[in-house]
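Straight from TrEMBL, the features:
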- 12-29: transmembrane segment (TRANSMEM)
- 115-262: domain 'CHASE' (DOMAIN)
- 318-373: domain 'PAS' (DOMAIN)
- 458-528: domain 'PAS' (DOMAIN)
- 532-584: domain 'PAC' (DOMAIN)
- 602-817: domain 'Histidine kinase' (DOMAIN)
Amino acid sequence: MRRRPSDGLLPLIAAGLVISMVLGGLLLIDGVEGGRYREQSFAVTTQQAAAVRARVEQSLNARLFLVRSLVAMVRGNPELTQGEFEEVAAAAAEGISGVRGLALARNAIATHFFPLAGNEQAIGHDLLADPNRRGAILEVIDRRRFLLQGPLPLLQGGEAVIGRLPVVLPDPGTPVVAREATSGSSAGSGRVWGLAVIIIDVETILREAGVVGGGDGAVEFALRGRDGLGASGDVFLGRAGLFGEAPVLADITLPNGSWQLGALPQGGWSRQSPHATTLRLLGVALAAACGFAAWRLVRDPICLRRDVAAARESVLVSERRQSMLVESVEDYAIYMLGANGAVASWNNGAFRIMGHSTEEVMGRSHALFYPPDAAQAGLPESELAAARRRGRHSVERWHLRKDGTRFLGVTTIAAIRPGEGAGGGAGEGSGDAQPLGFSVVTHDLTQRIQIESSLRESNRRFHDIVGVAGEFIWESDAKGRYTFVSERVLDVLGHSPAELLHCAMVDLMVPEDGVRVAALLRDHASTGRPFRHEEFRCLGKDGGMVWLWGSGIPVSRADGEVIGFRGVAQDISDQKLIENRLRRTVEKLERSNVELTRFAEVAAHDLQEPLRIMVSYADLLSRRYAGRMDKDADDFLGFIVDSSVRMKSLIQDLLRYSLIERSDPPASLADIGACIREAAAEFKDIVHAIGARLELPDWAPQVPGDVRQFTEVFRNLLANAIEYRSPDRDLVITVAVKPIGAAWELSVTDNGIGIEHQYYHRIFVVFERLHTQRTHPGTGIGLAICKKIVERHGGTMSVTSDPGIGSTFFLTLPAAAADEHGAPVALAE
Ligand code: ADP
């Protein structure tokens, strides 16, 4: 399925929306929670401030009540002694903490003190003499009302508030204290006796009220309004800055003014609740989780849709491929039948094998493909019934082509039932549902039958050949152990093929040859090349030695690894016997030839001397007695002289012939052009005299050999061409050169009398002549010498001739290795 661009975005948009919504909700909750927290915090602070204020007021009042008791006591007994005072004060202050002292000051001079111990110096102290307190004291006396001053630092250390209450006696007499008092006081009538004073430890009061060192520490307090001045007074407890941070304010009412209590939550007014961070983190996590869930919720159906579409597409592709595959199969006829046996599909293979086109068979009964006799016998129906019954039915039988010919083929009919794919025939006995149709696959066996037949024929041929072959045929594994040996081995080695199976071939050989052949097999296994004409000796079953001549080829697997060998071996024991005999004969011949040559040489040499004497004396006899004897005697003497001369030439030629092979030809190069030139120069005069033409090649090669002997060859050939020229025409002699493979062919052609075909070989034999001495004098050894010289140089000599037309003598000489040196041949005039 093609992926739409929106498919990837939609889940992300959904996730984004959900995350935004959750975060929005979170912000809202955070705002509400912050507000709620601030309100709660304010309420708690206010509540604590109110409680503290109440406790401070209560605590002060409780202590100030003591002063009132003192006033009552003085009013009852203005003349009370220190002792009485102390006793009453102790009783009154018992159980009340924070009272640093109680005092009476008659006429503003300290007269009584509790506790006296440690405060003796205070007795007699004129309170009006202290400028810091004078104003306050006068105000008490003047206005006759309770006045609280402080907190003040005490001489004894610490801070305290001092409460002063005027002691006014009830009688209307003259006021005792008149020195300083002003009239018009609001304390009612009576005479001012003095002052009752209480000194209260501030810290104790504030601690009891929970302002200092008490509470849960959640609220911070500060107090201002020293000397009861309220909001305008000094700050005497806590941070002065607290009052600038919008604290909760509570006025602590004093008898003559107020203190102001400031309260703030610890750390100030926080804008957010302490749980805000946790709440936000949880909110973000929740938003992420909700976003992810939304992404999955939106994405999964898209993926699912896409996967379903992709799966559908892949099924379609697969079906298309399958159908194309079926279509393209050519070796099998594949077609579908409906439930009633009518053709529903037809592939190329069916067309190729059966001959019907698709249009011709579609909708027609499959009985069309059965030979008429089979169709009439109801085979088409019975085969479908079998497939219907068992799910699948296979049969090998004759089929009918469109052109009426028949072929043997294998057909498999498979029933297609509901829920099964095409061609997915049920197994035997499976499924009771009626088939929707049938798939049919037919394979034409004709080709297979032909191949099997030709294989059988080929096997038979192989066995026949193996049976009659002179060689035995063998196969071995890579280590040279026989895996097959033909019957012939029984005749050759005396072992049956069965006896030789798995036996290493080298074990049958004489050790020396076995080692050689084992190395040979290893070599050829590594190169993969065949080996040919190897000779080796084996020991037959009877212990006799058998010479074998074998060839073989490595057998490789498809990956190139050599897995064995196969080859042939031939018994060459008889040949070897003949060969040995031949070699011995040749050696004998060579020896006798050497002896013969030696004999000819010696004979020719030794015969020359008596012959020369014979010739000399015959000549002397002829000259001295010619005409003095009768005619016959003269003739006889003439014969003796001629024969002696001829014998002399024969012996000299024989000596020349025998001397040819005295030594090997030299390895140095002989210039053939120079040899031809030298030989031709010797006949220059006669050629001129008889009006002959001598044609020489422009160029001739250099070949390894004897210059003198090559010159003699050309001398003999040119002499013969002149000797055996035709009387009917001018002589033309042509010497030519041409390369033939790795050799040079030199030829001497004349237009002389020619030679009969049957004498071609005779003329090269020593002393063989085709003419008499009278017509053509000669010894008959010239050509024999030529042939011997040429053969000694590794060449050959031959002749072709037409009697009455002319002859050509050919000599081939091996060319010098990698050499084409040569020289012009033209004769110097
Ligand atoms: P000779 O020439 O001495 O007889 P050769 O060995 O040279 O001996 O020749 C052998 C024979 O070959 C000759 O007697 C001759 O009959 C024949 N023969 C040689 N050369 C030619 C030639 N060019 N044409 C015809 N016959 C030839």
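Cβ coordinates are placed from backbone N, Cα and C, and glycine is handled just like the others.
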By Cβ distance under 8 Å, which residues at least 6 away from the ends of the transmembrane segment (12-29) in the same chain are close to it? 279-280, 283-284, 286-288, 290-295, 297-298
The average per-residue pLDDT within the domain 'PAC' (532-584) comes out at 92
Counting each residue once, how many in the domain 'PAS' (458-528) are helix, strand and coil under DSSP? 41 helix, 13 strand, 17 coil
For the domain 'PAC' (532-584), how many residues does DSSP put in helix, in strand and in coil? 12 helix, 30 strand, 11 coil
